[in-house]
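Worksheet: one structure, shown below.
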2 protein chains.
Amino acid sequence: SVAVVFLSATRTLWLLMLVSLSVCICVCRASSPQEEDSAMENIVTEKKAEESHRQDSADLLIFILLLTLTILTIWLFKHRRFRFLHETGLAMIYGLLVGVVLRYGIHVPRDVSNVNLNCHVNASPATLLVDVRGKFYEYTLKRVISANEVDDLQDNEMLRKVTFDPEVFFNILLPPIIFHAGYSLKRRHFFRNMGSILAYAFLGTVISCFIIGLLMYGCVMLMKQVGQLGGDFFFTDCLFFGAIVSATDPVTVLAIFNELQVDADLYALLFGESVLNDAVAVVLSSSIVAYQPEGDNSHTFEVMAMLKSFGIFLGVFSGSFALGVATGIVTFTKLRDFQLLETALFFLMSWSTFLLAEACGFTGVVAVLFCGITQAHYTFNNLSPESQDRTKQLFELLNFLAENFIFSYMGLTLFTFQNHVFNPMFIVGAFLAVFLGRAANIYPLSLLLNLGRRNKIRSNFQHMMMFAGLRGAMTFALSIRDTATYARQMMFSTTLLVVFFTVWICGGGTTQMLSCQHIRYFCLLSNLFLVGVDSDQDNSVKGSERRSTKQESAWLFRIWYNFDHNYLKPILTHSGPPPHSHTNECQLKDDDSDLILTDGDINLTYGDITVSTDATGAHTSGGPAFAGATSSEDLDRELTYGDHELVMRGTRLVLPMDDSEPPFTDPHNRLRM
Amino acid sequence: SVAVVFLSATRTLWLLMLVSLSVCICVCRASSPQEEDSAMENIVTEKKAEESHRQDSADLLIFILLLTLTILTIWLFKHRRFRFLHETGLAMIYGLLVGVVLRYGIHVPRDVSNVNLNCHVNASPATLLVDVRGKFYEYTLKRVISANEVDDLQDNEMLRKVTFDPEVFFNILLPPIIFHAGYSLKRRHFFRNMGSILAYAFLGTVISCFIIGLLMYGCVMLMKQVGQLGGDFFFTDCLFFGAIVSATDPVTVLAIFNELQVDADLYALLFGESVLNDAVAVVLSSSIVAYQPEGDNSHTFEVMAMLKSFGIFLGVFSGSFALGVATGIVTFTKLRDFQLLETALFFLMSWSTFLLAEACGFTGVVAVLFCGITQAHYTFNNLSPESQDRTKQLFELLNFLAENFIFSYMGLTLFTFQNHVFNPMFIVGAFLAVFLGRAANIYPLSLLLNLGRRNKIRSNFQHMMMFAGLRGAMTFALSIRDTATYARQMMFSTTLLVVFFTVWICGGGTTQMLSCQHIRYFCLLSNLFLVGVDSDQDNSVKGSERRSTKQESAWLFRIWYNFDHNYLKPILTHSGPPPHSHTNECQLKDDDSDLILTDGDINLTYGDITVSTDATGAHTSGGPAFAGATSSEDLDRELTYGDHELVMRGTRLVLPMDDSEPPFTDPHNRLRM
């Protein structure tokens, strides 16, 4: 039948891929000989350059084919509805396989002319001019190599070739991923759970970082006692490890959540946390690095250095934040008639945010994140419908490619990275520390937050958040950025294992964990096209009576919302002042209901708090009802209701199809699958 | 009114751009000091790396802002319907301005630590290890500098910073441009004029190359006599110059043609020629370079070397062609349900074509061109409608960005390139040679082709083709690729001027030239949204009785068409065997009428030659009618009809709006504007 035809077609494609992969590897092998016969230097140099260009093309081709293979397999998995392995996990497996082949299958010895001639000089300039019989050759500094690494260099040319400059991850691959995360943040639920998300992301990450740092320091001390430590490992290194390993990845679990239509609040909490998490972790780690060189190799605790690091953290974070928001706001285009120009401008402005932040010494990734959030909130509404689709699709594609590239490179690097330091004790300690650090983030904070929240974070949600703390692209990019010292190399190797474990085991077990924790989800097995039903819309209509946020946060939120709605939105978007926006409401609602907070929505959200908009646009809130909402009766009612619902949910894990009408197919979700 | 608001908004944006540009330049300036106080090498190296990264970000930011500025101005021009300057011309002007600022406004002296230490060694390895007090620094070879250039190096750090590696153009910016050209080739008119296009592209480019080469050799000889020549300039250099300057650019004039709805055949001739032109020129130039080193510095004529070059030309061209077509065919996806995967796969396959060709030693750009044509012909039909849009839009955006980047860099480089050799005599000679070379391509070939063509290429069309031979991205990329010798430097400077002249003067004068040559166009001034009306559809319906192609080419074309339609298309696309395709016809026709040759179209195209499709899919052509079509009566009738029409056209240059109903708005054209 059709499935058989598809399968055979896929098999043919696979075979083809494998053949071309081996061809490509052969090309890599074949292109090493160099004729030194001719005396003409120029031709030799030209040939060398050509050779190296061909090499580079072949190397890049390996990755492209790897991605192609991943896509084909993902398609097969999606087609067969096989959900135990996410595409990122798959990309890693393919990366691993190719890594094994490159490591053990092919050995290209480094050719002699490439090696060295160590002329002893006193400086290490960025550019070097070498005089060879009247001809000058310009060399550029690539990296510093410690003395013991020099021998490895000669070892395997092939492995060196497939190793990318770590900065590629930070400057090319990470920005689209982070921007996409910001741009696709589900704003309504995000702002409703803002307080909790900020608590988890900021406080939680710092807690996790310090807990992991302290535990690892204990572990390292123990290792030193037993004599298992082969080099220096300072407390700042431990803290650095804590910082990089605290960045949870929004990708894997959330893709599954999206597919399974898990509770929107849980989704918002996890997604918001892991997105902001990344930003906090990257700034935190750079602050810790800034602390390090203060005392010359002393690595003792210093209050001044500590304060300085803290200042750097605040400065860089707020600078990046301000820059991102500013550029996001500035990009308010009026080029609606010319979609191509509009899309191009949008893309360039987002990119220039990153570059501007980097040029100013801030963190580009953080700036890009907040730029994405701001653009989704304001700029998105100014775009023509066509450009809205275009930009979404463009960043979705970039995100998809970058993500899968990073994960397949991760798999590859387990075998091709030449300075791995696998220390069993450190690894066991790290796994334990990561687990405990995550626990120390989620449970105490949830306890504290539940004191204030009316819509409690239930214990099964907490367990799920604990379980869903995968480590991914950001952790990898941060750990590969600097692998110069022994400590960093050990960290890198361990981090790689942590990522593998969490993506494969935690990522693969998400569905089981959801069932186990009795968290309701819509499993739309019978129709793949219905996967993208907008649960946001669904839940907020159905469960409007049980939605109410914690008082203070609601109060803060309302101030911000009023300001935004009355002043910012009218200025920054084309929707005009509030009276006008009412006329647009219907049109806006079906277009991008997950992106815009309209008055209709906020009425539903508050439930028992009446927010009415009068003709002049000023909001008057029902004060007394507001104050009365805290009564313990309400709380009790809600709790019992919650319990009742929980039991009910347990019995109907897989909801029947008729439960979810698909009129609100969110284009974004649909594309995601 | 609205326009005023728009204008003021734009002014604000411009101001903002300029401010950020100057901020960015300030950042560039400020970030040069380096503290050498601390003795810790590591920190210094780290700081240097960070500094250089900030620098790079700032430099890239200049270009991004330049592009942003260009986009805003284009928008203004489009809005005001100002058509004398194309976006690429505009990009060049902005590039020039920034170039002037960088050259004369800012002078950052190269810092001392960067410079030298000339240790005399005997080889020039690709990788250099430098031993500085026990630490090894890895350097990579960047380029060879001749002795007299060494002093220039110290001159201006800033200019060096904004100079890209020339290979960037070939490996990153050119592929999307060329692929887009292939992917958006109007297939119906392209195949109808195939013979003429191939003649202009292959024969014409070779003629032009040799004519220009010979003329330039004469010019160079004269210069040597007068003593104006400052270095070696061989005949192969002249031929190389001829090859790179023969590549006409499909961008500028055709954008205007598209907007003005010029005759579809003229459009097809020019577009087809300039697209294939590029491919021929790039292979031709590399063949000429391959000829050069045969005799050691003798540079005399050698039959063997000549044959070898010819062999290389054929080998590389057919290899690239075969590879491109093969990958184009292989990409027949069945992932229709998952648009993101489909688009990603399509993108990756196109990219891997380029990489595979480069890795095999063929020319990636040529492979990508034919890959694009094949994919548009077969793969496009397999894609889901959404992916068709996505891929079109994606490559359109990439093309737009790459193109404008190249042209603004072109402007910049006039001032920032440090080894310009402007020789008045050479420049005058080159302009003359380019003019004569183009004339020797168009007029004699048109004369020959008109002997065979029934649908003659009229003299006004010939003048237009002569005039529209702009030089652009490909010429620039080829000439900047190697600027090591005196000859190449002089070529580069001259090429730059040729590009400027043709883009500004010829590109800007297209509308005037069209009026002057009495070539009919639809000038849809009153409604911008109607610009994209599909003239293909329009013309083929209206003028069906006067459409008929030259016999032989039609015969060749029909064999190919039958084979394609009966065997290739059914196998490679989902449309199934011919009986099935009839049912799809309607649906296909309105979707991508410019992309698919259906039976209905071919009936219209042939006019008096009946092509009927029976149920089994075998075509039976009306033999007698076919033979009778050559009668001189028909020819005469057509000629007089053509003359009559010409006169009629002259009187109604700007057609009234009611002449063009807009039901067939081609999505592609509409986006283009």
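Glycine residues also receive a Cβ, built from the backbone N, Cα and C atoms like all the rest.
Residues annotated as domain 'Cation/H+ exchanger transmembrane' in TrEMBL: B:70-515. Sequence annotations record features per position, and here TrEMBL assigns transmembrane segment to B:12-32, B:60-77, B:89-106, B:168-185, B:197-218, B:233-257, B:310-332, B:344-377, B:397-417, B:424-443, B:492-514.
Here the transmembrane segment (B:424-443) has Cβ contacts under 8 Å with residues 200, 204-205, 207-209, 211-212, 215-216, 218-220, 222-223, 226, 228, 241-242, 245-246, 462, 465-466, 469, 471, 490, 494, 497-498, 501 of the same chain, all six or more residues outside its ends. Looking at B:89-106, B:168-185, B:197-218, the range that has the most CB pairs within less than 8 A of the transmembrane segment (B:60-77) turns out to be B:89-106.
With a cut-off of 8 Å on Cβ pairs spaced 6 or more residues apart, the transmembrane segment (B:344-377) and the transmembrane segment (B:397-417) reach fewer than 3 such pairs and are scored as not touching.
Most Cβ pairs under 8 Å to the transmembrane segment (B:397-417), among the stretches B:89-106, B:168-185, B:197-218, B:233-257, B:310-332, belong to B:89-106. Among the listed stretches B:168-185, B:197-218, B:310-332, the one sharing the most Cβ pairs under 8 Å with the transmembrane segment (B:233-257) is B:197-218.
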